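A.B. asks: Can you keep this structure in mind? I'll have questions shortly.
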């Protein structure tokens, strides 16, 4: 799992995603989880929510895709060529991450058997790694190339109440509770940030004085980005809590706990850093209009507080909900592990915020030319 974090941090070098590092890290994590848990059917396989979180974290950012696609269009590239390139990159990332996951699994003794049985397990894990990388990369590429990106706003499922329906069906299949709870949280956070401009402005006014209205409005405009970051952190925390309270003592439980820490660090650090990087234009405009460095730093800290604090609180609530929905025996309450989980989220948010603050301190005019 340390290798996964190294790949993830390497894939987010300078708070910008590269094509191979992030999906490869996701494939490594998923293949390791599959090897540890096996292929036996369970009502609520613990690797499913982790896989969904990996796919969401590994998806390339819209800003990076938009810039690359504009360049490819200028050079005469067709949609088929772009999709072929993205598919090749996903395949390479999936195979690389899958091989790394196989090595970790063999070293940890997660792959029993020998001969044809072992070969079959390795092939299945490699295919799973490629599938995870493809699902993480290709939908974003297709959406950005063929469709006009929609403005930031409520999640697409909000008008249909899909999250409520999934929560109601969770009593029949616990996995639906993971999806419904996360989607409901996403919707509520986005709604609160979008509609709560006055409350947000009142909270930050003592710190940023006259810029409170501008900053609150900016947070409201970017509510979709922040809501996504909060939901990802909350899902990672909920997975950690569910793993810690429903499984204890077995190898798979230990793997789940380590993976939970890695995913929490990725959601609160690199992934949140990408969301902040999408908002750098707002920070640059504030600086150009006369905002002091302390005020810009306070703005970044406010985002970190929303994502880190909101993700931890919401994640604990979701985790308890998931534990109640999962038919499993409760384990002892691991206070030390939960303290470590909170520390990982806080440190990751602080590190991402510090990096964005460092970038925001550059020359405003030269940075604005990049947008």
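From the backbone N, Cα and C atoms, a Cβ is placed for every residue, glycine too.
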A.B. asks: Scan 63-82, 123-142 against TrEMBL and say which stretch is down as transmembrane segment.
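C.D. replies: Feature transmembrane segment in TrEMBL: residues 123-142.
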A.B. asks: To which of the residue ranges 225-246, 247-268 does TrEMBL assign the term transmembrane segment?
C.D. replies: 225-246
A.B. asks: Between the transmembrane segment (90-111) and the stretches 20-41, 123-142, 225-246, 296-325, work out which stretch tops the count of Cβ pairs under 8 Å.
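C.D. replies: Most Cβ pairs under 8 Å with the transmembrane segment (90-111) come from 20-41.
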A.B. asks: Tell me if the transmembrane segment (123-142) touches the transmembrane segment (337-361). I count contact as 3 or more CB pairs below 8 A, with pairs 6 or more residues apart.
C.D. replies: no
A.B. asks: Using a Cβ distance cut-off of under 8 Å, indicate which of 20-41, 162-186, 225-246, 296-325 has the most pairs with the transmembrane segment (123-142).
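C.D. replies: Per the Cβ count, the answer is 20-41.
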A.B. asks: Using Cβ atoms and a strict cutoff of less than 8 Å, what residues sit near the transmembrane segment (162-186) while being 6 or more residues removed from its termini?
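C.D. replies: Hits for the transmembrane segment (162-186): 43-45, 48-49, 52, 155, 227-228, 230-231, 234-235, 238, 314, 318, 321-322, 325-327.
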A.B. asks: In the same chain, who gets a Cβ under 8 Å from the transmembrane segment (20-41) while lying at least 6 residues past its ends?
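C.D. replies: Hits for the transmembrane segment (20-41): 1, 3-5, 7-8, 10-13, 47, 50-51, 54-55, 57-58, 60, 89-90, 92-94, 96-98, 100-102, 104-105, 108, 110-111, 121, 124-126, 128-130, 132-133, 136-137, 251-252, 255-256, 259, 262-263, 266, 270.
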